[in-house]
Structures are given as C-alpha cells and as structure tokens.
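K.L.:
One structure follows; several queries about it will come next.
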Amino acid sequence: DKAPLSKSLLLVPSAISILLTLLFQHYQKFFAYNLQAIKEDFQIWRLICGRTICLDLKDTFCSSLLIYNFRIFERRYGSRKFSSFLLGAWMLSALFDLLLVEIAQYLFGITINSLPSGFLGPVFALFVPFYSSIPRVQVTQVLGYFSITNKTLVYILGLQLLTSGSYIWILALSGLVSGICYNSSILKVHRILCVPSWVAKIFSWTLEPIFSSAEPTNEVRVGMGATVDIQRQQRMELLDRQIMMSQVAQMRRQRQQQGGMINWNRLFPPLRHRHNANYQDHRPSEQDTPPPTEVSEEQVARLMEMGFSRGDALEALRASNNDLNVATNFLLQH
C-alpha cells in the first residue's frame, strides 16, 4: 500500500528477467551491460537496457527483496521524491561505473568489458538512507555477543547480492558513492537530477492506478513497517500501549473514587518541553514525586543509538518502568 513505484520495480523487471531466462534466451544479448560496445560502438542504449533488467535470477531475487524492504522510503518521502532519488542514483552510478572501470584498468591492469546487468546501482544507493535514517532496534542476540537487529536481514541480502558476481563490487561501490552524493546534496545534484512535477503527474494519472494497492481494511492501522517482522513488532507495541492506557484508566478511576485525580504529566512529563518556563512553574512538589526507578544502561544506550538524548531516554524508561518498546513509542510520539 502507498508504494506503487516500488511495486512496479518489483514486478516488471522481475517478470522480464524470468521471461528472458526461461523463454527468450536469444534476446538476452540486448540486455547485456557491455561496456566495450558502449565505448567503442557508441551503443548508448545499452546503458538503459543493461542497467534495468537482471540476467541472473539470483540477482533478480535479491534485488527484488531489497526493493521490497526499501519501499518504506517511498511511503516516507512520496513517490516523486523516491523516484527522483532512484533517477539521480541511476544516472550517477552509470558515470561512476565507467570511471571505476577506467581506474581499475589504469591502476591494476584489469580489463573489464562487461558488468552484471540489472537495476543494481540504485538498489545499493538505497543502503545510504537506510543506514542513516532507519533506527536500529535490537531483536535478539546470538551467543550473547552478536546482536540481531531489525536491519540485519537487509544487510545480509546486500552481502549476498555483493558476492553474486565477479565485478559486482564495482556496481556496489558506484551505487554507494552515488547514494552518498545524492543524499548529502553534494553539488546540489538532488535539484538537478529530479523528476519534474509534470512528469510525475502523467505517471500518477496513467501508471499509478495500475500498480496501486487497496488499503488493508481487515487489520488495525498500526503503521507501515517495511517487513513482516517490523509489522509484527508494531502490533506488539500497539498492544503494549493499549495495556498501558488501560492501567492508567484504572488508576484514574481509583483516584476518582478516592476523591482525587491522577496527574498524567506526573507519570509522563513532556520531554521535549521540560525546560519550558511554564512547565517549571507547575512542576509537582518533591513530596508528590515518586522515587526514581532504576534504569538499565543497556536500554538507555539503545535509545541513544536511535537518536534520542540521554535525558529523554532516562525519563522515558523511568516512566514506562523500563519497558523499551513503550519508551520508544512515547519518545517518537512526543
């Protein structure tokens, strides 16, 4: 839902790749990423055909899974901005492909006449915003030392794709460099290499109805996780919030029966405005403040890895009785 471009990139190139591999093998030569033909025969069209369709089903499978996981960026930024990133990364990675091939030949004497085909440069470029903007949440540990997070599977898929071919490291390096250039706004490439609004409107009118999906109606709306594990975790967090709210409502009813009202800010003070003068004037007295709860430094470190300050992490964990999921949700909502 809300990711028609990702859906089209997942279905159309994969279908063409399967057809070329199983039924139309004699047409595979037109989709080969042949650098020699591009440089010597000026077959510029190979930059389009050779950098769009994978000829190896292993690359098709891995890149499709990565696009499925990276659809979270289309939902976050919108289809036009997401397509602009893919277009910019695709064009920059084509330039870096040729440059890296020349560097490899000049420094190491390696002559590279062809590279693996497919939409691989932009896929590797998406690892840059994935690393920098998606928070890392630990799921479990292996042998007590190796942490398994919500991003581990995506990195494993990227490593599998990286080791699938002999010269695919060139595509990976050019994709990462192009992603860094576009994501960090070097030389304002995000303003130059972008999809015009009129082009976005045309595709929105023509292709988006074909690849759009209906919003799920049989499940509670709890967000749009990029993977099934994240969606399951979001539902668990929703259940935690519901339990917490039911406990608060029960405490409120007990206070009302005793002739008093529970103070919500006493349990969850406004973290982002705790230095505000109005809040300082209405801070509860020391007699009403409950004793501080002992906080786990490991959980504080996890929240700080997500980008929250230490003070906010401490207060959120104390308020949620050291429940990491509830504390994370509270920080994200406040």
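Backbone N, Cα and C define each Cβ position, glycine as well.
Heads up, here are the entries from TrEMBL:
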TRANSMEM  6-24  transmembrane segment
TRANSMEM  85-108  transmembrane segment
TRANSMEM  114-132  transmembrane segment
TRANSMEM  153-177  transmembrane segment
REGION    275-297  region 'Disordered'
DOMAIN    294-334  domain 'UBA'
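Surface or core, plus neighbours and distances: that's what I need for these features.
P.N.:
Only residues 6 or more beyond the boundaries of the transmembrane segment (6-24), in the same chain, are considered here, and those with a CB under 8 A from a CB of the stretch are 31, 52-55, 57, 60, 64, 67-68, 70-71, 74, 82, 86, 118-119, 207, 210-213.
Residues 5, 9, 35, 38-39, 47, 51, 73, 77, 115, 119, 121-122, 124-126, 129, 170-171, 173-175, 177-179, 181-183, 189-190, 193-195 of the same chain lie 6 or more positions beyond the ends of the transmembrane segment (85-108) yet place their CB under 8 Å from a CB of it.
Same-chain residues lying 6 or more positions outside the transmembrane segment (114-132) and placing a CB less than 8 Å from one of its CB atoms are 9, 13, 17, 31-36, 50-56, 59-60, 63, 66-67, 70, 73, 85-86, 89-90, 93-94, 97, 101, 151, 154, 158, 161, 164-165, 167-168, 170-172, 174-176, 178-180, 182-183.
Residues of the same chain lying 6 or more positions beyond the ends of the transmembrane segment (153-177) and with a Cβ under 8 Å from any Cβ of it are 56, 58-59, 62-63, 65-66, 69, 89, 92-93, 95-97, 99-101, 104, 112, 115-116, 120-125, 127-128, 130, 227, 229.
Averaged over the domain 'UBA' (294-334), the predicted model has a pLDDT of 75.
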